[in-house]
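J.: Dropping a structure here in structure tokens format, bear with me for questions.
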Amino acid sequence: MGKKRNKVSVIGAGFTGATTAFLTAQKELADVVLVDIPQLENPTKGKALDMLEASPVQGFDANITGTANYEDTAGSDIVVITAGIARKPGMSRDDLVATNEKIMRSVTKEVVKYSPDCIIIVLTNPVDAMTYAVYKESGFPKERVIGQSGILDTARFRTFVAQELNLSVKDITGFVLGGHGDDMVPLVRYSYAGGIPLETLLPKDRIDAIVERTRKGGGEIVNLLGNGSAYYAPAASLTEMVEAILKDQRRVLPTIAYLEGEYGYEGIYLGVPTIIGGNGLEQIIELELTETEKSQLDKSVESVKNVMKVLS
């Protein structure tokens with residue numbers, strides 16, 4: 001018997017889902033199944049075939065399948081959920097939440113049916129609330145249902161700091177806590193350039209400007225694109241989580257995790273520092289927060305709770 005190959009299913013074959021599928025295959029992390037609704041089955045198959053045909057050129061060995069049939073996802077190690085609608089002009093946030101919650105619940109039923117032992121990573125917005133909806137629908141332990149936003153938010157923060165200091169992004173570390181929105185909390189005290197505290201390298205007004213730009217990072221790209229939202233960086237962030245799990249790397253990554261008293265919050269999904277490894281969420285890391293940071297995080301939690309009130 002040959003060794004079982006890793007299998008990752010990506011639900012939603014839009015820009016983010018397709019890019020995640022391609023990056024996962026390109027890194028030879030797993031065979032990939034890209035899933036979308038029956039009306040989009042042919043375009044989904046087309047994208048998967050196009051990626052597969054890149055493999056001889058890029059030199060990677062991974063099977064990539066496009067489908068509208070969840071049976072093809074059976075036995076997945078990880079399922080990444082990017083499916084959902086984007087907010088349209090004139091659409092209320094509550095409408096968006098209600099619609100995407102329905103999608104999350106129907107997708108999760110299929111995921112649980114065919115991959116009862118998988119780890120689920122959620123990207124669909126509003127991501128904190130959608131991760132909670134998937135957790136409730138799945139019946140999985142909290143370790144196996146996590147959301148992605150903090151890696152992306154932190155990547156934006158690191159990018160802007162690197163640009164400001166004219167340094168390699170590899171040398172910039174940082175952490176963004178809280179919900180994925182305008183109330184996220186970039187922790188400047190825990191941010192470094194080559195091990196040197198950021199606060200010793202940049203004046204407060206420049207740091208404040210970077211923090212503000214990070215909070216508005218998604219909107220900045222939406223405005224520039226004019227149609228659609230970011231997908232390269234979100235897909236790269238998802239792929240980093242997939243790799244950490246499949247290789248059991250025990251990476252310290254900001255992740256949307258279910259809190260049971262950590263940071264003083266109960267029964268809510270929120271972006272916090274975590275250890276991510278072979279079991280999914282291995283551990284939540286509790287940092288000491290200043291009064292200001294804690295009050296900012298409280299505000300972020302209120303924003304998440306307001307969205308969660310709309311959930312059925």
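FYI, residue positions are counted from 1 along the chain as it appears here.
Quick reminder: no glycine exception, Cβ is built from N, Cα and C everywhere.
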J.: To which of Asp36, Asp72, Asp77 does Swiss-Prot also attribute binding of NAD(+) at the site defined by Gly12, Ala13, Gly14, Phe15, Thr16, Gly17, Asn100, Leu123, Thr124, Asn125?
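T.: The one candidate that Swiss-Prot places in that NAD(+) site: Asp36.
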J.: Determine the Cβ neighbour count for Arg93 (substrate binding site): the number of other Cβ atoms within 10 Å of its Cβ.
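T.: For Arg93 (substrate binding site), the count of other Cβ atoms within 10 Å is 12.
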J.: Where does Thr16 (NAD(+) binding site) sit in the DSSP three-state scheme?
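T.: In three-state terms, Thr16 (NAD(+) binding site) counts as helix.
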J.: To see if you understand the setup: which same-chain residues, six or more apart in sequence, place their Cβ under 8 Å from that of Thr16 (NAD(+) binding site)?
T.: Thr82, Leu123, Tyr231, Pro234, Ala235, Leu238
J.: Measuring Cα to Cα, how many angstrom lie between Asp36 (NAD(+) binding site) and Ser149 (phosphoserine)?
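T.: Roughly 22 Å, rounded to the nearest whole number.
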